[in-house]
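Colleague: For reference, the structure I am asking about is given below.
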Amino acid sequence: LNPLPKQKAQRYEAVKWMMVFAIGVCTGLVGLFVDFFVRLLTQLKFQVVQSSVEECTEKGCLALSLLELLGFNLTFVFLASLLVLIQPVAAGSGIPEIKCYLNGVKVPGVVRLRTVVCKAMGVLFSVAGGLFVGKEGPMIHSGAVVGAGLPQFQSISLRKIQFNFPYFRSDRDKRDFVSAGAAAGVAAAFGAPIGGTLFSLEEGSSFWNQGLTWKVLFCSMAATFTLNFFRSGIQFGSWGSFQLPGLLNFGEFKCSESDKKCHLWTAVDLGFFILMGIVGGLLGATFNCLNKRLAKYRMRNVHPKPKLVRVLESLLVSLTTTVVVFVASMVLGECRQMSSTSHSGNDTLSLQGMSEDVNSSIKTFFCPNETYNDMATLFFNPQESAILQLFHQDGTFSPVTLSLFFLLYFLLSCWTYGISVPSGLFVPSLLCGAAFGRLVANLLKSYIGLDHIYSGTFALIGAAAFLGGVVRMTISLTVILIESTNEITYGLPIMITLMVAKWTGDFFNKGIYDIHVNLRGVPLLEWETEVEMDKLRASDIMEPNLTYVYPHTRIQSLVSILRTTVHHAFPVVTENRGNEREFMKGNQLISNNIKFKKSSILTRAGEQRKRSQSMKSYPSSELRNMCDEHIATEEPPEKEDLLQQMLERRYTPYPNLYPDQSPSEEWTMEERFRPLTFHGLILRSQLVTLLVRGVCYSESQSSASQPRLSHAEMSEDYPRYPDIHDLDLTLLNPRMIVDVTPYMNPSPFAVSPNTHVSQVFNLFRTMGLRHLPVVNAVGEIVGIITRHNLTHEFLQARLRQHYQTI
């Protein structure tokens, strides 16, 4: 026996929670894998190169050290590019693709198992290969793929493995899990579960419900603490203590106890923070503008060429980066005094660990004892430790070094984002911004004489300003940075800075992810339309040329419709035409369609009768009399057999259209726009499934003899339904008839032709629709609206037409 519906729903909910937990844990493990190997390869590389630099400084063979470094970097980057050749979607940060997916656009291959393998392996090599990329962006993509794949319990790459897992066979469930996975990715990358949830809300999901928020937060927590547990165990050997929340840690911001005048920030500093926000917005807009030009250049000149060219481009970027880093560290650095304060007054273990960590990553290339090379310290470390240096190092970096570092980093990371390796943008932007913030603090301290300022705060605000100017995220980025610093007092300055940076940047162009989405030509729907679009109505933007099917249609018509169109849904219609024609006597197909039409359309008389029965309770007799009169006039025709009556009236609903014809290109306008009564929508996948399973009946039988499929059988092939062009339909008799009425959606969302565009848009976006039929007052379908009809470009074009016709 089946469990009761309530028990079934509870079990479904329980399975959903378990899946969400599993997604969180797996995302945390992917993060752990990437982090562990990046650390391993980077340590290996820097140990070899550093020892050779120290030897060669005395012997004068620095060219050899450079060659060693180049050998490591080029090998790693080459491997990363090869992985992207296997699965091209794995290039870049993956956030634009996930954004599109959650908006309701299926980007091919974006959530496949192969993608996540290439992504995780590739980002590991591209970060270890010294490119200016981060591993945080790809974590979000990896999390999303885990979210899409785990609940399906199947993969194209592993076809042999088959589980009978009946749950979550719909796009809506899949999309919910993808948004949970993306949030878990952010949570694992930054140790910010709340930030991850907000990221999923702000950047990703177009369709959100209350229950999902809680599940997504749970998923993010699971990811953060899985990663934390394993990293603390592996690095410190203390299993069960949670010391390392995310892949990217900002450390603790604290004034040293000896300095009584020191405050993390004061009200005076807010003015500087706002100015830094403006500059960050301008820098971000510049970055985006340059990157957009580069991306367009790549689309024209690199992508059409053979795939090897992309690998060569990655290698060129790697070569340039390596040489710049090496030469800058050797030639442009200054020797700075080691700060003595960092060893006194630190009683707490974590702080001492942190300052030792900061001091151990100092590089003393070419500098006498007790001094260090400030440029090499920034360039010859993993990016995370360079950020820590800028946030916490008490020793100073000279303004010249910071400006040069900022400039080189800005240009190189701009060039790097968009080559065919998996690459994140968060860490390079943070590092770039931190250098900018530290530079501001230096100038304020040395030239304006503000002694009370804390350089670490300025570095953090600079990082926030620049990152905000590039990606234009507001709420989630604020929370991510607060969670990463563990310092709630930074809430206000970070928020103000990000707001100002976003407004400044938006004045010039869009955020980097939106730019890349636009360049790919993805029909992304924004949160709402512009006010002026309300001059348009649904009838102005709909697609009036419809391809439709009848409730009872021959197989050959269905196959030809499916093979000659690429639409994903077809309206199910009957025709209403009052012209007298020779009625094809005894034609099963037409009589079935007429019967269906009669049974499914409520006549006005029937409607009145229903109303009058419900009005019997009214005391007013006039009302009843009125209804009764109506019924008296309209009742008689109902009693006779409708079909008989139609045959007598020699009434045909199909003017010059024999049932074997499918709606064709040669029709006249008048034929194409004949009035069609709308009964429902049927999806391409459903029609193909019906054909594959041979659901049909012959003309001599009644439609009741057609076999019935259950919902589970209809959705068995999800998410990859067979393609109509691959099917062998020779076994099917083309004269057989398919009754699609049990499988269509009889009550889809629909709008009237006079609906304002903003209402259409809100309905379409909030309900997550793909097709929106436009139905007039008498129930005839006049057009259909899809995502394409609501894109910004399409609406703009229609608005221009509208102005011209006025």
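Yeah, the Cβs are placed from backbone N, Cα and C, and that goes for glycine too.
Here TrEMBL flags 20-41, 62-86, 111-133, 177-200, 264-288, 308-332, 400-419, 456-482 as transmembrane segment. Annotation source TrEMBL lists domain 'CBS' at 744-805.
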Colleague: Can you check how the pLDDT averages out over the domain 'CBS' (744-805)?
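Modeller: When the pLDDT values over the domain 'CBS' (744-805) are averaged, the result is 87.
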Colleague: Is the transmembrane segment (456-482) packed against any residues at least 6 beyond its ends, judged by a Cβ distance under 8 Å, and which are they?
Modeller: 186, 190, 192, 194-196, 198-199, 201-203, 250, 253, 264-265, 269, 272-273, 276-277, 279-285, 287-288, 387, 390-392, 425-426, 429-441, 444, 488, 490-491, 493-495, 497-502, 504-506, 510-514
Colleague: May I ask whether the transmembrane segment (62-86) has at least three C-beta pairs under 8 Å with the transmembrane segment (400-419), counting pairs 6 or more apart in sequence?
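Modeller: No, since the transmembrane segment (400-419) and the transmembrane segment (62-86) share fewer than 3 Cβ pairs closer than 8 Å, they do not count as touching.
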Colleague: Which residues of the same chain, at least 6 past either end of the transmembrane segment (62-86), have a Cβ under 8 Å from a Cβ in it?
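Modeller: Answer is 41, 45, 48-49, 52-53, 56, 114, 118, 121-123, 125-126, 128-131, 307, 310-311, 314-315, 317-319, 321-323, 326, 330, 420-422.
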Colleague: When DSSP states are grouped into helix, strand and coil, how many residues of the domain 'CBS' (744-805) land in each?
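Modeller: Helix, strand, coil within the domain 'CBS' (744-805): 28 helix, 15 strand, 19 coil.
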